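**Student:** According to Swiss-Prot, the record shows the following:
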type    : residues               : note
DOMAIN  : 19-244                 : domain 'Reverse transcriptase'
BINDING : ASP102, ASP190, ASP191 : Mg(2+) binding site
Amino acid sequence: MNILTTLREQLLTNNVIMPQEFERLEVRGSHAYKVYSIPKRKAGRRTIAHPSSKLKICQRHLNAILNPLLKVHDSSYAYVKGRSIKDNALVHSHSAYVLKMDFQNFFNSITPTILRQCLIQNDILLSVNELEKLEQLIFWNPSKKRNGKLILSVGSPISPLISNAIMYPFDKIINDICTKHGINYTRYADDITFSTNIKNTLNKLPEIVEQLIIQTYAGRIIINKRKTVFSSKKHNRHVTGITLTNDSKISIGRSRKRYISSLVFKYINKNLDIDEINHMKGMLAFAYNIEPIYIHRLSHKYKVNIVEKILRGSN
């Protein structure tokens, strides 16, 4: 399959984009981004590069074309149909010991060089000219200089697939190592989690992970050592924002429960605006997915079926 030819045919046949617009994006697509920032969950701000409407259409079609061609490892839980942060946490819920690690500036660390390596590993062979055009459709040029560095953007619809595909070699090797030593391994985007019931088994993993990352990506992707955390049943264990309980279950955690309860109380007393009500509905839906028994208890606390009504969208 010629990827660019297939993409062009899909877009032009359906009059989704004009020929000259597509040709322009093949040459300067990496410049067609709107850039803004949003606050991070704990501190600082995250830069989002959002593709133009035409480029986004191209990327969505390209995503559909590449998806069946690129291997994604079974240990990957983010951006995979039928999987969620809940599924990711459940893998580790029966383990006493947990190790969490994190890739630094993950999406923006992924470059055309890494993608080219990934395409070859998936038996996708393109000419230099085809590769350059494909890279213009996938990557973002923050500097907007003629030969500026291209990186994967947070905000592009094709970035999740590319990020999972380029991690396949790492995921496979590290998962094989873990399987031999009775360790569970999952990756949720840039968050990697290891767990086991065998004491001290996780101690050497950070060094193994760092060495493998260097070997596989030549230093382009690195570990954020400040976020490497060991935990056990003696301490609070969290995986992708979900609490692991000592009875091998998952929970939204005490602080979230108190927060959600306060939102419902304010809602009953008509002290929430529209945005806050929508936020509360999202939190309730999240809690129902992770820990439905909590929603049942919350309903009993407020006696009337106010919580069920909120979840159903009733006023």
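Backbone N, Cα and C define each Cβ position, glycine as well.
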**Student:** Under 8 Å between C-beta atoms and at least six apart in sequence, can you list the same-chain neighbours of ASP191 (Mg(2+) binding site), or say none if there are none?
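**Tutor:** Long-range Cβ contacts: LYS100, MET101, ASP102, THR240.
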**Student:** Under DSSP, is ASP190 (Mg(2+) binding site) part of a helix or a strand, or is it coil?
**Tutor:** coil
**Student:** Specify all same-chain residues, apart from the site residues ASP102, ASP190, ASP191, whose Cβ lies within 8 angstroms of the center of the Cβ atoms of the Mg(2+) site, ordered by sequence.
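**Tutor:** Not counting the recorded site residues, we get LYS100, MET101, PHE103, PHE106, TYR188, ALA189, ILE192, ASN224, LYS227.
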**Student:** For the binding-site residues ASP102, ASP190, which one has its C-beta crowded by the most other C-beta atoms within 10 angstroms?
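**Tutor:** Ranked by Cβ atoms within 10 Å, first place goes to ASP190.
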**Student:** How does the model score the domain 'Reverse transcriptase' (19-244) in terms of mean pLDDT?
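**Tutor:** Computed over the domain 'Reverse transcriptase' (19-244), the mean pLDDT is 96 on the 0 to 100 scale.
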**Student:** Return one of helix, strand or coil for ASP102 (Mg(2+) binding site), based on DSSP.
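**Tutor:** The three-state answer is strand.
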